[in-house]
Amino acid sequence: MDEVKEFTSKQFFYTLLTLPSTLKLIFQLEKRYAIYLIVLNAITAFVPLASLFIYQDLINSVLGSGRHLINIIIIYFIVQVITTVLGQLESYVSGKFDMRLSYSINMRLMRTTSSLELSDYEQADMYNIIEKVTQDSTYKPFQLFNAIIVELSSFISLLSSLFFIGTWNIGVAILLLIVPVLSLVLFLRVGQLEFLIQWQRASSERETWYIVYLLTHDFSFKEIKLNNISNYFIHKFGKLKKGFINQDLAIARKKTYFNIFLDFILNLINILTIFAMILSVRAGKLLIGNLVSLIQAISKINTYSQTMIQNIYIIYNTSLFMEQLFEFLKRESVVHKKIEDTEICNQHIGTVKVINLSYVYPNSNAFALKNINLSFEKGELTAIVGKNGSGKSTLVKIISGLYQPTMGIIQYDKMRSSLMPEEFYQKNISVLFQDFVKYELTIRENIGLSDLSSQWEDEKIIKVLDNLGLDFLKTNNQYVLDTQLGNWFQEGHQLSGGQWQKIALARTFFKKASIYILDEPSAALDPVAEKEIFDYFVALSENNISIFISHSLNAARKANKIVVMKDGQVEDVGSHDVLLRRCQYYQELYYSEQYEDNDE
């Protein structure tokens, strides 16, 4: 999709092959309302033909003998009432169907996005796809279905009107089809161009969203204000938006030129047709009522033709989108097709072995990890140290199942990671990430999200809060677990960075897991809080596998075993004293840290 391809009839029909899949998806999600809309539109489609015949008879009766005039007026009134009722009913059902379908598809999309791998979210192309499918899914599927229904309804009404004109002159009826066919070809070309432009600018649209996000949230406000860079971002936003406007105006100009050209041809045909009808009236071959109804029929043909062209344009344009949506939804069915064994998921893990492990990030040729061999045992506290970029965080993401190894294996009590279902990692591993989430939710939710089955066990929540010293969450010397945290919502309580980190730690420890992993757990903590956390972590490691990443070698000294990493490889493994004697790289890290501490 990197370049605009020339529109062809073959490509057009190939794109329309998504229609059966679209209809199948819609009927799976909202079958009842889809049927309601089809029935209502089918009934409505035949009303115009009935109206033409009634209107014709009404005028001829008024100008003629007046026989059956009352009956015709009553029938005309009934038809108008039915038309109004059907229109209102169709509008209500259509609105309800739109809302329900949008909800159902968004739920499906969220399930798909939640089943993606972490590596998917580390690629810009995936963000662009997610941006487009989530943004357009709120209206495109309904727009496509509605366009199909209206297209069929308009087609029936068009044939009815052509049949009505054909009763006077079949040649004129055929002539009136020229403009719709010509319009179709021209507008489909524009439709393809419009879709490709919108799809290709997904990255830029995401950039505008990000700028708005920066300018409207507290986390970035301080730097933007102090550095006086709001105008920089506003200018950047305006430049991108102007580019979008210029692209949209170019498409609008093309549509306008086509419309002017087609309207000229259409009006020319209409004038010639009406002139021929007038000649027939003057020759006594056509009644006035017939003339008026035929002119109305021509007007309806023009209306239905334009409606059909617009809807074919919409069908084609939205079908291009649906191709991308279906490609994205397929990801849900291919992710984590592994053995599903409840017993495996629930057993307590005692050993993790990393064997000949190497990892290369997508779209990269460099090894982030290379030939890693390690073991982690229950009852053992392991620290992983090294400079930034040494592969520490990548390693724990592989151990926790967020990445799959490029080469080598991970064994959990001799069970290979490649065969483990996602549920295994979710039940057995609890991780504090360096970029932990600050949930703008209640205390209960902030802690209980790691184990939803225990979210309403107040005693369990309070116990972990007390163990980690989260007294700052108390109100009148007690925890009110439904207190809102953060300042995004009403009655929220703002917290410091260190307080948010302690809450994230409490959430990590609240989960009953076999393996606990902390990535820079003391980055925002004061010395007292750091000691409390590590004391609790050491106690926790007696019956579990416990791993933590740290830049601080003083913190690492608390571990039974220290893994030293350098440039994606394991430099050495041992206790602090052993490493200080035999590992030159560890010595460099240690003395560098001591120098910095003394310098302070």
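Positions of Cβ are set from backbone N, Cα and C atoms, glycine also.
Swiss-Prot has this to say about the protein:
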| type | residues | note |
| --- | --- | --- |
| BINDING | G386, K387, N388, G389, S390, G391, K392, S393 | ATP binding site |
| DOMAIN | 34-317 | domain 'ABC transmembrane type-1' |
| DOMAIN | 352-592 | domain 'ABC transporter' |
| TRANSMEM | 34-54 | transmembrane segment |
| TRANSMEM | 69-89 | transmembrane segment |
| TRANSMEM | 147-167 | transmembrane segment |
| TRANSMEM | 168-188 | transmembrane segment |
| TRANSMEM | 260-280 | transmembrane segment |
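Each of the binding-site residues K387, K392 was scored by the number of other CB atoms within 10 Å of its CB, and the largest score is that of K392.
Cβ proximity to the ATP site centre (mean Cβ of G386, K387, N388, G389, S390, G391, K392, S393, cutoff 8 Å) flags the following additional same-chain residues: M565. Listed as Cβ neighbours of the transmembrane segment (168-188) (distance under 8 Å, sequence separation of 6 or more from its ends, same chain) are residues 7, 12, 162, 255, 258, 262, 265-266, 269, 273, 276-277, 280, 286, 290, 294, 298, 301, 305-306, 308-310, 312-313, 316. Fewest other C-beta atoms within 10 angstroms, among the binding-site residues G389, G391, are seen around G389. DSSP assigns N388 (ATP binding site) to coil in the three-state reduction, outside any helix or strand. Other Cβ atoms within 10 Å of the Cβ of S393 (ATP binding site) number 19 in total over all chains. Taking the binding-site residues N388, S390 in turn and counting surrounding C-beta atoms within 10 angstroms, the largest count is reached at S390.
With a cut-off of 8 Å between CB atoms and residues at least 6 apart in sequence, the same chain places K392, V564, M565, K566, E571, L589 near G386 (ATP binding site), listed in sequence order.
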